[in-house]
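*Asks:* Found this in TrEMBL, in case it helps:
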BINDING   B:H73, B:H111  Fe cation binding site
BINDING   B:C79, B:C82, B:C119, B:C122  Zn(2+) binding site
Number of protein chains: 2
Amino acid sequence: MKNTKFTQELRGIFAASAKPLTVADILGILRLKKLRPNKTTIYRQLEKMTRAKDLEHVHFESRGLGYEKAREHHHHLICNSCEKIEDLVIKDEQKMFDRLLGRKEFKAQEHHLEIFGLCMACSR
Amino acid sequence: MKNTKFTQELRGIFAASAKPLTVADILGILRLKKLRPNKTTIYRQLEKMTRAKDLEHVHFESRGLGYEKAREHHHHLICNSCEKIEDLVIKDEQKMFDRLLGRKEFKAQEHHLEIFGLCMACSR
DNA sequence: GTATTTGCAAACACTTTGCAAGCAT
DNA sequence: ATGCTTGCAAAGTGTTTGCAAATAC
């Protein structure tokens, strides 16, 4: 991946962001920085970074496709009120899924799990 | 909800289908039946049936928004090979989610879980 | 110098809206 | 007769593609 003004910006944005970002999010951030980003470039660069395993897809039904820095397998807790997103790492996840499938004859490969609710601050 | 040729068709289709259907699926089915459906009508009627609790939204990242007959809370096992979709009802689901959240301060309200893999037939 | 990256315009796919006409009740 | 439903055309949104110009290496 070449090192351009643009890719530097993108790396910076993902380094600074705790939560998954959509193309629209990134457009917004860049515009706040007074940059005039081209959305085609964003689409292309995000996909390229995903192929390179720097990013991973995160799908949220409400916000569409997002991207986040690749890291340990985890899930998301999404606050319905303030939209904050926390990570959730499940202990013994494999075991849990095995149990959950019971005697179903299904060879699980991947899964998606997101939990919506109220974060600590919003549930007061 | 009025009883028109169209709404009868729709009801019939959902009565006959075990799996969630997208607008595109329904367009296809109707065309196979030599009908010339209007997609605007499909969009509108599906949303209406959803508001009436006859249908429920099902979001699949790969296929976009789908709809299925409203019924007991469940999840989906999606075959990566043949696309078959099975239902999965989790026993003691509430308990499982409580445990899974551990001591996290998060008040869960809803969740989405889909498991992808190979169905019995395809895992041979 | 070469290959990758970028910007732009246009194409595309999907969904929604406004309005007039049709139909169920 | 009335109001819900339908069809059509158009607009809106989000994403992708082709190509020429710019730029990193």
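The backbone N, Cα and C atoms fix where each Cβ goes, glycine too.
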*Asks:* Against chain A, with Cβ pairs under 8 Å, which of the binding-site residues B:H73, B:C82, B:H111, B:C119 show up? Give them in sequence order, please.
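*Replies:* It is B:H111, B:C119, listed by sequence.
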*Asks:* Can you tell me the CA-to-CA distance separating B:H73 (Fe cation binding site) and B:C122 (Zn(2+) binding site), as a whole number of Å?
*Replies:* 26
*Asks:* Sorry to bug you, but what's the C-alpha spacing from B:C122 (Zn(2+) binding site) to B:H111 (Fe cation binding site), rounded to the closest Å?
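*Replies:* Given the Cα positions, B:H111 (Fe cation binding site) is 28 Å from B:C122 (Zn(2+) binding site).
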*Asks:* Among the binding-site residues B:C79, B:C82, B:C122, whose Cβ has the fewest other Cβ atoms within 10 Å?
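*Replies:* If we count Cβ atoms within 10 Å for the binding-site residues B:C79, B:C82, B:C122, the smallest count is at B:C82.
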*Asks:* List the residues in the vicinity of the Zn(2+) site, defined as same-chain residues other than B:C79, B:C82, B:C119, B:C122 with C-beta within 8 angstroms of the site's C-beta centre.
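*Replies:* Once B:C79, B:C82, B:C119, B:C122 are set aside, the remaining close residues are B:N80, B:S81, B:E83, B:K84, B:L118, B:M120, B:A121, B:S123.
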*Asks:* Ranked by the number of other Cβ atoms within 10 Å of their own Cβ, which of the binding-site residues B:H73, B:H111 ranks first?
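*Replies:* Per the Cβ count, the most surrounded site is B:H111.
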*Asks:* Looking at Cβ-Cβ distances, which residues of the chain lie under 8 angstroms from B:C119 (Zn(2+) binding site) while being 6 or more apart from it?
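*Replies:* Long-range Cβ contacts: B:L77, B:C79, B:S81, B:C82, B:K84, B:E86.
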